[in-house]
Amino acid sequence: MDYPKTKSFSRNALSQLLPLDTESLNEIIDYTLHLGSPHAIESHLLDILGTSDESLSFVTQFLKLKQEEDDAYAKKTSKQRMSLTKKPAISNQPVTKKSPAWKVDSTESQPSRKPLTRVDPKKTASTTSQLMNEPHMVLNAKQAKRGKRKNMDNLKDIEAALQDLELAEAQNQANRKCDCMGQRHPLFDVVPNCLNCGKIICVKEGLQPCSFCGQQLLPETDREEIRSILLKERDTLEHNKELLAERKLPSQSPPPVKEKKKKITVRSSAGKFWDEQKEALAALEDEKKRQKQEQLQKEMHEKEVKEQEEELKKYEKMKRINEKHDNDLLVAQQRLETLLDFQATGAERTKIIDRAADYDLPTSSSSMWLSPVERALQLKRQQKQLRKQESAEESRKGRGRRVMEMVIVNGKAQMVENTTYSKSDDEEDENSIQELESKINVSKLAEEADQSKQVWNYELDAAKWEKPVYMGNQQSGTLVDTAPPSRLQVSKGGDEMDLVVALP
């Protein structure tokens, strides 16, 4: 099926959003129309264009035009089928008498009766879903949205990653080929190049077999592990979402109890009211400062006491060792303690601070030697950075949450407008990132432990080699007659006059 309206609109709009030629734009449009489901089309276009306002408006208009053309095509095909299945009616009209032209037939003047049909179910019947959707059974829109805002971003990220993996495994998907080598289209961040032939993969080709050598870009095991990790995170987020929705149901939640407001009254004369208030506020500030200083002094004292106790324990231990053993044993004991200390804190000492990795952007190409857990960790970090950029953009545009703060100074109330930001999403991202990092550290420690157990075996290594056997020449037993050397040495440089006589 051709989509003339959709193709013309998308060609004009994409030429303004992407710096590509018409041939590349036509290929992108044809591939997008062959995807079928609106969710797959939306995820594919958002991966290419991003999540800006212009791209979102283009995606909505694209889906709308495609749906209109699909509906028109379905209506057209249904009409054609009805016309083919319809049979011509046989006319058995009786012969009527001739009458003057000015007389009107009585049958024509009477209104035609409509055939009896069943009662329209839309007017009388009501289904269970309609009864469930009545106003008294439906939650308020604001109450329903409050539980969705918290984990919507994480669910969108996980759904997008799962959609990429599912689209890569579709059998009916046509292979896309592009030889721009990352010059015309941006690089594909998950797999920037093929491990078999080294071909650079762009966004247009995506997660599919290599168009040059035909090998899979990601092994099936890595793909399954990434999918399992993302599915687990999605299940946990959906479970938390359901719990929040159950807590906010009006039937289960008890009515809120209004707290009694406390009123503070100060009885004094009219002239000294502000002076007394100022003195009371100053006294409260002094009291808070004094409490903070006392708390700090107490903590410092406890810390010093602990350090002194540890030093005394070490001194007593060393004293017992000196009394019982010689100096060599004392040196060995000290060496053992230092080695054990290094082993306990070796991870922190050998930690590499890579500031470039801390500020890794989504546009930068990832390493091809990462494990599936490290790939998932990198995706989470990139999604967190994108979310921070979006929140900064919203705050710059003035769409952030604002809170009015009242400050009383010198008996005057001043209203200050502050902007606040929710930290729930950042905390969830940090928790998930820490869990993935802990998994990576555990796996690395296990690998190091396995490698440390490998010891060189002398017998196995000696069994690999064989002693050399020297074979003599078969003609070594035969005697060879050699002429005696000449007693004259003649130079071979071309000078015949140079002769050296060998003395006996």
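Placement of Cβ uses the backbone N, Cα and C atoms for every residue, glycine included.
Over in TrEMBL, the protein carries these features:
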type	residues	note
REGION	76-129	region 'Disordered'
COILED	148-175	coiled coil
DOMAIN	176-226	domain 'TRIP4/RQT4 C2HC5-type zinc finger'
COILED	274-325	coiled coil
REGION	381-401	region 'Disordered'
COMPBIAS	387-397	compositional bias 'Basic and acidic residues'
The coiled coil (274-325) [mean pLDDT, rounded to integer]: 84
Per-state residue totals over the domain 'TRIP4/RQT4 C2HC5-type zinc finger' (176-226) - DSSP helix, strand, coil: 7 helix, 4 strand, 40 coil
Three-state composition of the compositional bias 'Basic and acidic residues' (387-397), taking helix and strand from DSSP: 11 helix, 0 strand, 0 coil
